[in-house]
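Asker: Sharing a structure here in C-alpha cells format.
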Amino acid sequence: MSSSLIFKLFFFSLFFSNRLASRLDSDDDGKNIYIVYMGRKLEDPDSAHLHHRAMLEQVVGSTFAPESVLHTYKRSFNGFAVKLTEEEAEKIASMEGVVSVFLNEMNELHTTRSWDFLGFPLTVPRRSQVESNIVVGVLDTGIWPESPSFDDEGFSPPPPKWKGTCETSNNFRCNRKIIGARSYHIGRPISPGDVNGPRDTNGHGTHTASTAAGGLVSQANLYGLGLGTARGGVPLARIAAYKVCWNDGCSDTDILAAYDDAIADGVDIISLSVGGANPRHYFVDAIAIGSFHAVERGILTSNSAGNGGPNFFTTASLSPWLLSVAASTMDRKFVTQVQIGNGQSFQGVSINTFDNQYYPLVSGRDIPNTGFDKSTSRFCTDKSVNPNLLKGKIVVCEASFGPHEFFKSLDGAAGVLMTSNTRDYADSYPLPSSVLDPNDLLATLRYIYSIRSPGATIFKSTTILNASAPVVVSFSSRGPNRATKDVIKPDISGPGVEILAAWPSVAPVGGIRRNTLFNIISGTSMSCPHITGIATYVKTYNPTWSPAAIKSALMTTASPMNARFNPQAEFAYGSGHVNPLKAVRPGLVYDANESDYVKFLCGQGYNTQAVRRITGDYSACTSGNTGRVWDLNYPSFGLSVSPSQTFNQYFNRTLTSVAPQASTYRAMISAPQGLTISVNPNVLSFNGLGDRKSFTLTVRGSIKGFVVSASLVWSDGVHYVRSPITITSLV
C-alpha cells in the first residue's frame, strides 16, 4: 500500500467521521484546520515557513493568505497547521515531501497510597544527582506552580542541557523544580473560563505532574481523606509543563507544537494523559507522530490507554514506539456508608467529604417536574425533577452520573443516592452522595414507601482494604489494536483509581470550588504518570538505555494479573501490573531502534519514499525488508486468527543482556490445552553486558474463545523475563 493511498483512505474516513466536530474550526468559506505532516525536520529549520508558504501558493494561488498558516513545526520535525478546503487538502497531500494531511481533532483528558502499594516506598535507594538532572515533560492542562508539591527548596539550578523557556503570563513563575512552562492554543479563541498561559485552572495537569515527579508533602489529604505523604515517583526530577488542553479539549495542532518544543528543549521523558476518542493510523495521529520523533531522540512517551472501557477495541493508544498504560485498582478503596431511618445501613462508593447529617428522603419518581412523569424523573435526568420538592432532602435517583451531569437540576437538594452495577471506582460530587448496589437502592425505595417521613444519613467516606487489587478498572480502555492487530495494546497497567495528588486551589472538586491543595480522582490519566515516574526511576539507574529498553524492562518484569477478574486478559492489562524495583535490573531486554520501526512501517504499507520523509535518511523498504509485524522486537507476542482456524505462526526476537556478568537463560512456556508453543533455541548464553542472542517462537493450534493467553519466561534463576503470548479471534 502506498503512502498516498494510506493518506486517501484515512483522509476520507477521518473527514466524514469528524465532519460535524470539525465545524468547530470551520470558517464560513468551508475551510477547516488541517495538519500537514512532512516528516523529519529540515537541515535549516528557520527556512521551514518559506518552504511551506511556497507549497501553499502552488495550491491556492493568489488567494493565499499568510494568516491561514496557524503554526509551523520546525524544531524537532517538519510540518504546519493551516486552514484549507477539502479540495486544497487533497492537492497538498499529493505534493512531493508530504507524508500525510489530516483534519485537526480534539483529544480528551483521561482522567499517597499508590507508591507503597507498588512496593516502592519512600526509602527506596535513589541516584539523587542523576534524578535531579532528569526533566519530565508533561503535556496536559498546565501546572499550578504554587503547589507545595513543586517547592524548589534544596534544588540546584536547571541542568546545563536544558534549552526550554518559561512563559510568565498571569503571574506565572517557574522555579528550580518547574524549569519550563509553555502553552499552545492554535487557531481558535480562548474559551470562557480558561486562563491564557501555562497556569492550570483545571487541575488535571497539576495532578499528573505531581504524581510523576512531585516533591514530598506530609499530611496531604482531601478534607481528611487519604491522609499521608504525597510524592511523585521521582521527587528530585525537574518538570517542564506544556499546556495543550483547555476547556474545549486538547487539539492535535497544540499537541504537535508541544512535542516539537519538548524534544528540542531537552526533556528526557514525556508523560501524556491525553488521547483521541477513536483509533487512527500512525501518521494521521498527532500523538503517534510526536512520540515517533521523540523516540528518534531517545525520549520515551508514556501515554494513557483511555477511559472508554470495558469493551474491546476502545484504546486509541496504539503506536508500538510509545508505552500505553491501563488503569488498575489498589488495596485502598473509598466507601461511603448510608443509613436509612429504620436503622438499615448500606455501603456505597463515592469520595464524600461532607459532614454526616440526617435529612428527609425522597424518590425522584415522586417529584417529577412539569412536562415529565415518574418514568423519567426516577432517573433524575436533566430538569426532570421538581426543584421546589427536593430542597433540603436526599434524593434517590435510579441511575448514576458523573460529577457535573444533572447536578444543576438537583440544586437545593441535601444529598443524592444513586445506583450502578459498576462500582469499582469512586467519584466526588457537589453534594453528599453515595452510589449504592441496585439491591440496596431497591431496599431504600421500599423503606421510603413504608413510612410517612423517611430520612437518611450519608456519612463521610472511609477506607477499606481492597483485597482483590490489582484489577483493571472498568473504565480503562481495552485492546485489541485497531491499527496493527498483532501488536498487543495496552502495554502495562498501573494504579489509576482514587489517586491523591496536587490540585490548584482555584480548580473545582466534584464540580464546585472547594479551595484544597489536593484531590482524589481516577482515570488512566492517573496511571500514566505512575508509569512515567517508574520509567524515569529506571532511567536514573540505566541512563544509556533506549526508550524500547526501558519499556521492555517495565513490561517483562510486570506482575502477571488474573484473567478471572479481567476476561479481556492482556487486552485489559497488557503485560501485567508494573513492578518498579524489578524493572531496574531486568537481566535482559527486547531492544529496538528507529530502523526496527522503519521495517515495521514498511510492513504496514508505507513505501520507501514515505519512510525517508519521516526519518530524513536513506531508509528503504525492500523485498528483503518485509517488516513482518511478528518480527518487531516487541516484549509481547500477539496473534489474531479466525475462530477455530488451525494456525502455525512464528515470531523472531532478539534479547540483549543488561547485566555485567555472563549468564545462561532457559525458556519456560505456560500454555493452555490446544496450543503448542516451542522456542528455538530454548537455551541462550550471554557473555555479559550488551551481548545479543536471537530466538524463534512458534505457536501452533486453534482456539475456541475470543482470547487465549499463554506466556514465555526466560530465566537464569535470578531474573524472570516474562512475555505474554495472546491469541485472539477478535478480528
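The backbone N, Cα and C atoms fix where each Cβ goes, glycine too.
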Asker: Where does the N-linked glycosylation site label fall among N466, N593, going by Swiss-Prot?
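Answerer: Of N466, N593, Swiss-Prot lists N466 as: N-linked glycosylation site.
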Asker: Disulfide-wise, see what Swiss-Prot says C250 is paired with, picking from C174, C245.
Answerer: C245
Asker: Relative to the Cα of C250 (disulfide bond), which of the active-site residues D140, H204, S525 has the closest Cα?
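Answerer: Spatially nearest to C250 (disulfide bond) by Cα position is D140.
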Asker: Between the Cα atoms of H204 (active site, charge relay system) and D140 (active site, charge relay system), what distance do you get, rounded to the nearest Å?
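Answerer: One finds 7 Å between the Cα atoms of these residues.
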Asker: Pull the DSSP breakdown for the domain 'Inhibitor I9' (34-110) and write it out as helix, strand, coil residue counts.
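Answerer: For the domain 'Inhibitor I9' (34-110), the helix, strand and coil counts are 30 helix, 28 strand, 19 coil.
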Asker: Could you check which of these recorded positions, C174, C245, C397, N652, sit within 10 Å of D140 (active site, charge relay system), going Cα to Cα?
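Answerer: So far as Cα distances go, the recorded positions lying within 10 Å of D140 (active site, charge relay system) are C245.
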Asker: Report, as a single number, how many Cβ atoms besides its own are within 10 Å of the Cβ of C250 (disulfide bond).
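Answerer: So the number of other Cβ atoms within 10 Å of C250 (disulfide bond) is 27.
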Asker: State the Cα to Cα distance, in Å, between S525 (active site, charge relay system) and C245 (disulfide bond), rounded to an integer.
Answerer: 13
Asker: I'd like to confirm something. Which of the recorded positions, C380, C397, N466, N652, has a Cα closest to the Cα of C174 (disulfide bond)?
Answerer: N466
